[in-house]
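Chemist: Got a structure here, written out as structure tokens. Questions coming.
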Amino acid sequence: MAVSLDDDVPLILTLDEAESAPLPPSNSLGQEQLPSKNGGSHSIHNSQVPSLVSGADSPPSSPTGHNWEMNYQEAAIYLQEGQNNDKFFTHPKDARALAAYLFVHNHFFYMMELLTALLLLLLSLCESPAVPVLKLHTYVHATLELFALMVVVFELCMKLRWLGFHTFVRHKRTMVKTSVLVVQFIEAIVVLVRQTSHVRVTRALRCIFLVDCRYCGGVRRNLRQIFQSLPPFMDILLLLLFFMIIFAILGFYLFSTNPSDPYFSTLENSIVNLFVLLTTANFPDVMMPSYSRNPWSCVFFIVYLSIELYFIMNLLLAVVFDTFNDIEKHKFKSLLLHKRTAIQHAYGLLASQRRPAGISYRQFEGLMRFYKPRMSARERFLTFKALNQSNTPLLSLKDFYDIYEVAALQWKAKRNRQHWFDELPRTAFLIFKGINILVNSKAFQYFMYLVVAVNGVWILVETFMLKGGNFTSKHVPWSYLVFLTIYGVELFMKVAGLGPVEYLSSGWNLFDFSVTAFAFLGLLALTLNMEPFYFIVVLRPLQLLRLFKLKKRYRNVLDTMFELLPRMASLGLTLLTFYYSFAIVGMEFFNGRLTPNCCNTSTVADAYRFINHTVGNKTKVEEGYYYLNNFDNILNSFVTLFELTVVNNWYIIMEGVTSQTSHWSRLYFMTFYIVTMVVMTIIVAFILEAFVFRMNYSRKSQDSEVDSGIVIEKEMSKEELMAVLELYREERGTSSDVTRLLDTLSQMEKYQQNSMVFLGRRSRTKSDLSLKMYQEEIQEWYEEHAREQEQQKLRGSVPGPAAQQPPGSRQRSQTVT
């Protein structure tokens with residue numbers, strides 16, 4: 001098998017002999033010992049880890065090198081399971097399961113999952129009721145659906161082969177997916193046989209295929225947090241509905257005697273209109289009939305909105321926010337301890353019989369070939385040195401606990417010179433040195449802030465002076481040329497003073513470069529009268545964002561916003577999955593119901609009215625336009641659901657559908673509002689939690705520490721480099737590894753250096769911030785976790801090595817979960 005070329009999928013079954021030969025034991029750079037029986041399963045914090053090789057009581061049935069290769073691979077699997085938060089009971093139990101595991105955990109399989117799920121979702125564009133231009137014959141879309149479902153069957157078969165039947169049926173999400181698959185399969189066959197579509201509400205369940213994809217892990221986490229937040233949410237929601245019903249009964253008795261008040265004529269109307277009033281969509285319309293009869297009736301509505309909208313709704317957000325904080329902290333704790341357990345298992349597999357107290361470099365290198373296949377030999381050695389805080393030949397378990405953080409570093413040689421222009425002739429050096437001092441000075445930075453502020457005011461004044469949308473001037477404004485020239489000079493001065501590499505390493509500099517480049521393109525569009533590209537000119541105000549760097553609070557807001565973007569994307573996708581499910585249900589029940597003049601007998605008839613009449617010689621059309629908000633196809637349904645999410649006049653759509661169907665249709669719209677309210681509340685709570693967390697961390701840390709990433713500096717001596725190079729030459733390492741090591745050696749010899757310094761960099765993650773925020777509690781978590789492992793061992797939850805097993809199999813992995 002060829003080596004995988006992606007760090008996200010580091011696990012491979014065998015190594016390509018032409019590219020990466022195994023590194024069996026030798027006497028160089030950390031002499032290798034025989035792996036301990038059953039995969040070196042020493043008691044590491046009271047946890048024993050079986051291996052993929054033979055049982056504990058039987059001698060290894062394969063060469064020592066093969067035993068170590070299997071240990072390296074299984075240790076890498078444990079690390080991957082810890083990183084992905086995969087439960088250890090899904091660990092492959094034999095060679096057959098291992099092959100399936102490796103097939104399931106690669107990007108080809110992930111892409112197959114994703115594309116199949118997208119195909120099933122996109123079929124709703126072609127199935128009845130279809131988008132007119134995309135409509136397909138029943139035979140075609142049913143065949144495509146069966147093909148996609150067969151691919152899902154293949155995916156589940158591979159997971160069954162990996163997990164085994166007992167574990168497969170214990171996996172709840174997989175069983176839900178299997179159940180939906182069976183229902184979808186039966187329906188697709190029925191449609192294909194009948195050659196016509198029927199009511200298929202179960203299509204709303206297709207989202208499970210997308211949610212189960214590896215690439216949609218963020219969506220699964222969001223759904224899990226939504227379900228975890230439901231208990232307190234439901235408590236407050238029941239309180240809200242309780243007060244709503246009390247006020248509905250009170251309103252019915254107070255206002256039903258008014259014949260001109262349609263809002264409280266029945267108890268059902270009272271409940272529905274007070275529910276709509278909670279969203280303020282029908283206020284003050286709902287109050288006016290009773291208010292016209294008795295001005296004191298406004299007290300009823302004021303008290304209702306004060307309790308329901310301003311107190312209970314905000315209480316709902318507060319409760320969800322508090323629950324969300326607890327969930328985030330518990331999630332961090334669980335993942336931290338899960339990773340710690342995975343590291344303990346991996347360490348046990350890498351410890352040898354003769355040296356159980358640590359991991360030699362050779363063992364570590366064998367692990368990294370499976371865990372990080374794209375990592376070069378030089379980077380592996382630097383990673384080993386960065387982990388080895390005790391500066392001993394062996395890597396202790398305490399050092400190995402940092403494997404996840406250190407393995408993510410990107411290593412580059414530290415430049416010997418401070419600036420890019422240090423080796424230039426003296427005259428040029430002095431010029432560029434002066435430019436460097438200038439662009440790094442506070443005066444230069446504040447001058448540019450002043451220019452940006454003046455530019456913003458100028459753009460605002462120009463915009464106020466424009467009339468009738470006539471902003472496509474035939475002439476280039478002189479102010480445009482002046483400010484663009486200043487920005488261009490700033491750009492060239494920074495590139496000259498800092499150097500291209502250092503300049504482009506800053507996110508703000510990249511932003512400045514992008515905005516300046518767009519401004520230049522806008523100048524070309526104006527000069528050449530390229531009307532289709534005039535929109536580029538509108539991007540000029542983006543320069544004003546640079547002013548956010550002036551104030552620390554603004555920087556925190558922007559940093560939080562950028563940190564939230566990936567998570568917000570997953571939250572948006574989560575909301576879209578709910579949209580899809582409700583859109584399918586809406587199409588099945590309300591398709592073709594909303595048409596022009598459809599609701600003439602309802603209270604919202606004007607919103608759906610379409611009248612064509614002639615006044616003199618002109619034909620006048622009066623349209624209510626709300627008939628466009630329908631469920632005739634999936635695209636219209638998404639637009640309609642978004643309008644319902646905004647809640648402005650959403651009751652008009654609800655009443656229009658109700659007038660054409662039944663009063664029970666209101667349950668669909670009310671349920672959708674409650675579901676979107678849950679998701680939106682979670683989104684708001686997430687934003688609040690992230691911002692508060694960032695602000696609290698900023699108070700505890702230096703500002704520069706927050707803004708900068710993580711940097712580790714390590715020195716590699718010439719002797720160490722020669723030893724690593726000799727190791728790879730003797731053991732027939734990959735040609736690329738040897739070449740890179742030789743390049744490093746030649747660079748040392750060129751500059752007559754005995755050592756070279758390397759910098760390992762990575763961005764600071766939420767996990768890093770959490771480690772510092774909770775550092776006082778983390779040690780208590782570790783001690784509690786160790787006690788739990790000890791208790792589980794005493795209770796016999798971690799059995800001893802199994803009896804002799806056939807070659808190629810191993811005992812079930814018993815781990816602490």
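Cβ coordinates come from backbone N, Cα and C, glycine included.
Note that this is a predicted model, so its numbers are computed, not measured.
According to Swiss-Prot, the protein has these features:
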TOPO_DOM  1-113  topological domain 'Cytoplasmic'
REGION    20-65  region 'Disordered'
COMPBIAS  26-51  compositional bias 'Polar residues'
TRANSMEM  114-134  transmembrane segment
TRANSMEM  138-158  transmembrane segment
TOPO_DOM  159-172  topological domain 'Cytoplasmic'
TRANSMEM  173-193  transmembrane segment
TOPO_DOM  194-202  topological domain 'Extracellular'
TRANSMEM  203-221  transmembrane segment
TOPO_DOM  222-235  topological domain 'Cytoplasmic'
TRANSMEM  236-256  transmembrane segment
TOPO_DOM  257-263  topological domain 'Extracellular'
INTRAMEM  264-287  intramembrane segment
TOPO_DOM  288-298  topological domain 'Extracellular'
TRANSMEM  299-319  transmembrane segment
TOPO_DOM  320-445  topological domain 'Cytoplasmic'
TRANSMEM  446-466  transmembrane segment
TOPO_DOM  467-480  topological domain 'Extracellular'
CARBOHYD  N470  N-linked glycosylation site
TRANSMEM  481-501  transmembrane segment
TRANSMEM  505-527  transmembrane segment
TRANSMEM  536-550  transmembrane segment
TOPO_DOM  551-569  topological domain 'Cytoplasmic'
TRANSMEM  570-590  transmembrane segment
TOPO_DOM  591-630  topological domain 'Extracellular'
INTRAMEM  631-654  intramembrane segment
TOPO_DOM  655-671  topological domain 'Extracellular'
TRANSMEM  672-692  transmembrane segment
TOPO_DOM  693-817  topological domain 'Cytoplasmic'
COILED    770-794  coiled coil
REGION    785-817  region 'Disordered'
COMPBIAS  806-817  compositional bias 'Polar residues'
Chemist: With pairs 6 or more apart in sequence, are the transmembrane segment (570-590) and the transmembrane segment (138-158) linked by at least 3 Cβ pairs under 8 Å?
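Modeler: Output no: the transmembrane segment (570-590) is apart from the transmembrane segment (138-158).
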Chemist: Can you tell me which of 114-134, 138-158, 481-501 gets the most C-beta pairs within less than 8 Å of the transmembrane segment (203-221)?
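Modeler: The listed stretch sharing the most Cβ pairs with the transmembrane segment (203-221) is 114-134.
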Chemist: Of the listed stretches 114-134, 138-158, 299-319, 446-466, 481-501, which one has the most C-beta pairs under 8 A with the transmembrane segment (672-692)?
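Modeler: By the under-8 Å Cβ criterion, the transmembrane segment (672-692) pairs most with 299-319.
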Chemist: Which value does the mean pLDDT take for the topological domain 'Extracellular' (467-480) in this predicted structure?
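Modeler: So the average pLDDT across the topological domain 'Extracellular' (467-480) works out to 63.
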Chemist: Excluding the flanking five residues on each side, which residues at least 6 beyond the ends of the topological domain 'Extracellular' (194-202) place their CB within less than 8 Å of a CB in that stretch?
Modeler: 127-128, 138-139, 180, 183-184, 187, 584-585, 588
